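What follows is one structure encoded as structure tokens, with my remarks underneath.
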Amino acid sequence: MRDTYGRNINYLRVSVTDRCNLRCVYCMPEEGIKSLKHEDILRFEDTLKIVRAATALGINKIRYTGGEPLVMKDIDKLIYETSKLPGINDIAITTNGILLSDMAGDLKKAGLKRVNISLDTLNSEKYKSITRVGNLDKVMESIDKCLSLGLKPVKINTVLMRGINDVEFENFLNLTRELPVEIRFIELMPIGEGIKIYEKNNLSFMEMLGLHPELTKIGTEKSSTAELYKLTGAKGKIGFISPVSCKFCGDCNKIRLTSTGTIKPCLHSKEEINLRKYLNNEKMLTNAIKSAIESKPLEHHLREESASRSVKGMSQIGG
């Protein structure tokens, strides 16, 4: 389905939980957040109802997120049931990778096509500092496991932060020499906990790119809004996603479903539509999703309006 501005909206990101087994500095306070009550989270069956209704409007790509989606009970069954829906041709997850190595085989059998793994450093001590509780070895094990299973492309999401991981930029570049992965450098966004560190730690991709003329541009991946580059002879690729300095709203093709059952036309908009009241009426549910697509704004205003900066963290909205 096309929105008011002619963009083809075919991608639904679905948060299945607000819970996470990490406490990343730009996402969650060290003490964590107060988790939602079980009854406030969409049931397995209700999530499927919404996904099914969305397919009637042309949604054919689903990405399950969180929080950390792999802490959800029966995530493999949810992926399997999603894979059986007519029209769905791509199912992916975004995960921190801690639990992935043990689950990847079952997830692929269930119908998972692709994975994005969040990884902001290749240094074990720094990893513990950024995530506060994580184990880097488990993440690297998960990357290797996904590559061996053919869950390709394996994309690694790295949030660029001045003074924290910018000195590791070259280490990430070198990882693409060794592995057929796509490292996606993502600009820090002033959302939730990220607001607290944004002014000090934000870093534009153009600044980093200027320091590395050895990177050759190979194109733009519009479906993921990434500018793609490559090192000569490397097995993998580099992607830059710049939602703040070079916003890509004109190519945005997605809407988001939170774990509580509200649909967000835009990540950075306060507008939400509560779908829970329509769960027992398929026609009304489909129409509500249609309304969300039709109300998708032309662009976000992260740089212009501090008021648009959500105080909710990505674990609550859906990463």
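Cβ from N, Cα, C; glycine included.
Predicted automatically and left uncurated, TrEMBL annotations should be read as such.
Features as listed in TrEMBL:
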- R13, R63, T94, K155, K254, I255, R256: GTP binding site (BINDING)
- C20, C24, C27: [4Fe-4S] cluster 1 binding site (BINDING)
- Y26, G67, S118, M189: S-adenosyl-L-methionine binding site (BINDING)
- C249, C252, C266: [4Fe-4S] cluster 2 binding site (BINDING)
- 4-221: domain 'Radical SAM core' (DOMAIN)
- 300-319: region 'Disordered' (REGION)
Least Cβ-crowded entry, counting other Cβ within 10 Å, from the binding-site residues listed as C24, C249, C252: C249
Neighbourhood of C266 ([4Fe-4S] cluster 2 binding site) by C-beta distance under 8 A, where only residues 6 or more apart in the same chain count: C252, K296, P297, H300
10 Å Cα neighbourhood of G67 (S-adenosyl-L-methionine binding site): matching binding-site residues from R13, C20, K254, I255, R256: C20
Nearest of the binding-site residues (R13, T94, K155, I255, R256) to C27 ([4Fe-4S] cluster 1 binding site) - Cα to Cα: T94
All-chain count of other Cβ atoms within 10 Å of C20 ([4Fe-4S] cluster 1 binding site): 26
Spatial neighbours of T94 (GTP binding site) among the binding-site residues C24, Y26, S118, M189 [C-alpha, 10 Å]: S118
CB contacts for I255 (GTP binding site) [other CB atoms within 10 A, all chains]: 26
Span of R13, R63, T94, K155, K254, I255, R256 around GTP - largest C-alpha separation, Å: 21
Distance [Cα-Cα, Å, rounded] between S118 (S-adenosyl-L-methionine binding site) and C24 ([4Fe-4S] cluster 1 binding site): 10
DSSP-derived class (H/G/I helix, E/B strand, else coil) of C252 ([4Fe-4S] cluster 2 binding site): coil
